[in-house]
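Let me begin by presenting the structure, written as structure tokens, before commenting on it.
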Amino acid sequence: VANGLAMAGSPVFLCTLAPLNQFLFDRFGWRNSFFILGAVLLNCCVAGSLMRPLRPDQPRVEGRQEKRTCMDNVGKLLDFSLFKHRGFVIYLVGNVLMFFGFFAPIVFLAPYAKHQGVDEYSSAFLLSILAMVDMFARPGTGLLANTKWMRPRVQYLFSFAISYSGICHLLCPLASGYGGLVVYAIFVGIAFGMVCALLFECLMDLVGPERFSSAVGLVTIIECCPVLLGPPIGGTLVDVFGEYRYMYFLCGAMMLAAGLFLFAMNGYNYRRRREGPEDVPAPILRHRHTHRKPVESATPALGALRRDPCTRSPAPRPLH
């Protein structure tokens, strides 16, 4: 729930961003509009500089300290042993497939509406509709994922959200007129909110809180490639075929494939986790092994002597 509420802030700004972009383009041109938007987004740097962990001051240890290499520092921040974690690898492969088709349909939604004859401000308002639905879908998904029945199956809920988003993109070219695009924006807003609310929640469910920060770093680094390549590939399809529907077909197929892949592999992973604790994080494994039952003696009489405090020999008296 907290994750969904925290991530509901971005749709609030997106509701006003699309009409604001259109107004700035009409008033100042695209070059000055980018300068204005860049100045607004620079405030994120200030906010990011304030978000740092509060740690108690540690006393300095005087003496000779060992020199650390660059790879030692990187290994301290990123846990590369996560690539041996079966659940993490499944999550990573599914997310890479998903992000190839995640952002392109939203980026090209307003141009697609203009291509169908919708005016500029009405086309931009489609993104506002999507953002308003997204704003309520994120905390709602957090409440659903926190229920007693859904919590053990949160990976399946994430797979369903991705598949549902892919189906919406596949059906988008069938929408006719502005009313059809509004319906598409509403359903995609629900899917977008569900995916964003569960994105990091599912990762923590797989790797545990101790390794979560390192897992987020590795996932974010690798996911940059499909996030960067997805919209240009979609734009290339639009330029080659002169239509937007092939771009929506490709993005929908990629997301549907990612959702089905996660459905199948998460089911396999759940079965393997029931068979053995191979994928349990290291701190939890240590916790399990520390709670062992006391070993009983092989001789019943000796075991009874150990269990009965009355049969123990008295402690020796101190010598005066």
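From the backbone N, Cα and C atoms, a Cβ is placed for every residue, glycine too.
Remember, it's a predicted structure, so these values are computed and weren't measured experimentally.
The transmembrane segment annotation in TrEMBL covers 33-51 (among others).
Annotation comment: TrEMBL describes 87-320 as domain 'Major facilitator superfamily (MFS) profile'.
Taken from TrEMBL, the feature transmembrane segment covers 88-112 (among others).
Here TrEMBL flags 124-144 (among others) as transmembrane segment.
Look at TrEMBL and you will find 156-176 (among others) tagged as transmembrane segment.
Counting same-chain residues at least six beyond the ends of the transmembrane segment (182-200), those with a Cβ under 8 angstroms from any Cβ of the stretch are 3-4, 7, 11, 95, 98, 102, 105-106, 109, 126-127, 129-142, 145, 154, 157-158, 161-162, 164-165, 168-169, 171-172, 175, 216. According to TrEMBL, the transmembrane segment annotation covers 182-200 (among others).
Residues of the same chain lying 6 or more positions beyond the ends of the transmembrane segment (212-234) and with a Cβ under 8 Å from any Cβ of it are 77-80, 82, 88, 91-92, 95-105, 107-108, 200, 203-204, 206, 247, 250-251. The transmembrane segment feature in TrEMBL is assigned to 212-234 (among others).
Positions annotated as transmembrane segment by TrEMBL: 246-265 (among others). Sequence-distant neighbours of the transmembrane segment (246-265) (same chain, 6+ residues past either end, Cβ-Cβ under 8 Å): 90-91, 93-95, 97-98, 100-102, 104-105, 108, 112, 155-156, 158-173, 230, 233-235, 237-238.
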Could you tell me the mean pLDDT the prediction assigns to the domain 'Major facilitator superfamily (MFS) profile' (87-320)?
81
Residues of the parent chain within Cβ reach of the transmembrane segment (33-51), under 8 Å, 6 or more residues beyond its termini:
21, 24-25
